[in-house]
């Protein structure tokens, strides 16, 4: 069934470009930029990809991102991801990038954006993959820092379709960024936010009511709140679910416990995505395949999940 799933036309709506940095490219960029790495080789780095929680993953993720220095680096990162999309019949992408991960290291905002944007434009021209780029704020940093990042983004307003919110969830509720999101919306941005991954269902309520998001990234803990489930179904609010990420970060102990198909059958508009595929062992097709292998997902369910992803695009 893998080949059939691979050929299914689909969109990817929850993908961090920095999370597509495969070990081989990481080492190549480190060599190009003359950066010493704490790992001896690709295999040693791959062995480090064993996480017990979100924070352990983030620590490695930010360490890996340090090799991204130049416009060409960001182009190469994005282009490698788009080639993977072409191979898996992902026809539309709405990736996140985290400018603060780079500007806090002294990399100018416009350098990061120029490389990513050029690759996305080439992806549309040369590979036929449509896109919309989402600027994501790091929630473990302050509201003031998010406001500064929004200031940096405004001269490039036409480069983005939306703002988002990611990084360490627990202790950083969506309400912390309500004023930033209000301002972003007043500037014409759509909004999305990570909520209900490690954080409680209350964070999903906040994202909907305070940040006024178009869709929820992750959202799997909505299953614990029946009233919230009813709202998601009634309003057809999309959830961008990332199955392999959820098991790798121990949101679910095992894929057999994942609730995505239960949510689908109840009428929630769930989609399948890869989140940080270089770190979690699979791109979109591998995530679909894991659901088929562990949960017995049928072809009909796969078609619905793929159609949900196309329907839930911010750029139609």
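A Cβ is built for glycine as well, from the same backbone N, Cα and C atoms used for every other residue.
Quick look at what Swiss-Prot lists:
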ACT_SITE  197  active site, proton donor
BINDING   14, 16, 194, 275  Zn(2+) binding site
BINDING   276  substrate binding site
SITE      218  site 'Important for catalytic activity'
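The residue listed as 'substrate binding site' carries neither a helix nor a strand DSSP state and counts as coil.
Looking only at the recorded positions 197, 218, 276, the one with its C-alpha closest to residue 16 (Zn(2+) binding site) is 276. Each residue in 15, 19, 96, 166, 217, 218, 240, 242, 245, 273, 276 lies on the same chain as 14, 16, 194, 275 and has a C-beta within 8 Å of the C-beta centroid of that Zn(2+) site, without being one of the site residues. When the recorded positions 14, 194, 197, 218 are screened for a Cα within 10 A of the Cα of residue 276 (substrate binding site), the ones that qualify are 14. Each of the recorded positions 197, 275, 276 was ranked by the number of other C-beta atoms within 10 Å, and first place falls to 275. Every protein chain considered, the tally of other Cβ atoms within 10 Å of the Cβ of residue 16 (Zn(2+) binding site) stands at 26. Cα of the residue listed as 'active site, proton donor' to Cα of residue 218 (site 'Important for catalytic activity'): a span of 6 Å.
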